[in-house]
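Below is one structure, written out as structure tokens; comments come after it.
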Amino acid sequence: MGIAVDAPNKGTNGSMAEKKPTVVFVLGGPGSGKGTQCANIAKHFGYTHLSSGDLLRAETRSGSENGTMIRNMMKEGKIVSAKVTIKLLLRAMAESCNDKFLLDGFPRDEESRAAFEDVTKIEPAFVLFFECSEEEMERRLLGRNQVGQPSVPLSGREDDNIETIRKRFKVFSESSLPVIEHYKSRGKVRTIDAGRPIEEVFESVKAFFISKNEVKSHCCAWL
Ligand code: ADP
Ligand code: C5P
Ligand code: MG
């Protein structure tokens with residue numbers, strides 16, 4: 001994989017790869033509840049939640065040279081290049097004092113999966129996969145976009161419209177499911193029925209972290 005991404009160093013403590021933080025990939029279709037559950041996991045188990053979509057959205061607002069390109073890709077539900085997303089994730093990881101990360105919505109395709117592994121040499125501890133029907137995800141995404149209506153949406157997203165939602169479902173099936181298959185074949189996938197109420201889903205999520213012996217750790221454990 002010839003992708004060039006500069007892995008930021010962690011001060012005098014060496015690179016990300018040398019430090020080997022714990023990484024859990026959190027995958028699932030758009031609206032399956034990744035962000036909602038990651039917020040709960042972060043609170044209960046001391047992980048730092050990094051949503052790749054949120055990092056990309058922040059980049060579109062930062063006035064950076066990539067901003068317009070990223071915004072256009074997101075409007076179409078397309079996957080932004082691995083190089084751009086990995087750079088944002090690694091920067092956020094390096095800036096954090098934690099050593100446990102939930103990478104929400106990453107990796108979304110085989111290229112990003114291979115590039116992340118190549119650049120960081122980090123293997124995920126496991127992959128949480130939120131399984132949910134398209135019908136339910138569509139209902140949730142359209143509901144999410146109602147926030148703040150009928151006037152100006154307070155947190156409505158430009159890509160939560162039916163046309164883009166359908167494109168995102170297609171991209172998920174075609175590009176992201178193969179990533180899940182890759183990790184399934186390595187016994188790394190923990191599948192969760194995400195079609196249930198939030199609290200019930202979290203009960204199942206908790207079980208995976210408890211069986212991994214997770215307790216809330218202190219910040220700055222890898223300094
Ligand atoms: P994702 O990050 O996977 O796109 P979110 O966590 O943002 O999904 O959830 C999408 C929308 O669905 C949000 O409005 C959220 O409040 C709602 N939601 C999340 N989980 C559930 C659930 N288990 N049942 C019903 N609604 C949910
Ligand atoms: O995960 P989230 O729903 O916030 O992602 C929104 C959009 O951001 C995706 O549809 C895609 O266009 C872009 N994205 C990406 N690569 C990621 C995460 C998000 O291209 N790893
Ligand atoms: Mg999300």
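In case you wondered, yes, glycine gets a Cβ from its N, Cα and C as well.
In the three-state DSSP scheme, Arg196 (ATP binding site) falls into the coil class. Sequence-distant neighbours of Arg196 (ATP binding site) (same chain, 6+ apart, CB under 8 A from its CB) do not exist here. If you look up TrEMBL, you'll see Gly31, Ser32, Gly33, Lys34, Gly35, Thr36, Arg144, Arg196 marked as ATP binding site.
Positions annotated as ribonucleoside 5'-phosphate binding site by TrEMBL: Arg57, Lys78, Ile79, Val80, Gly105, Phe106, Pro107, Arg108, Arg157, Arg168. Around Pro107 (ribonucleoside 5'-phosphate binding site), the same-chain residues at least 6 positions away in sequence with a Cβ under 8 Å from its Cβ are Phe25, Ala82, Arg113, Phe116, Val179.
Less than 6 Å separates the Cβ from ligand 2 in the case of Ile79, drawn from the binding-site residues Lys34, Thr36, Arg57, Ile79, Arg157 in sequence order.
Distances between the Cα of Ser32 (ATP binding site) and those of the binding-site residues Arg57, Gly105, Arg157 are shortest for Gly105.
The Cβ of Ser32 (ATP binding site) has 26 other Cβ atoms within 10 Å, all protein chains considered. Here the CA atom of Gly31 (ATP binding site) lies 16 Å from the CA atom of Ile79 (ribonucleoside 5'-phosphate binding site). Gly105 (ribonucleoside 5'-phosphate binding site) sits 12 Å from Thr36 (ATP binding site), counting Cα to Cα. Note: the Cα of Arg144 (ATP binding site) and the Cα of Arg157 (ribonucleoside 5'-phosphate binding site) are spaced 8 Å from each other.
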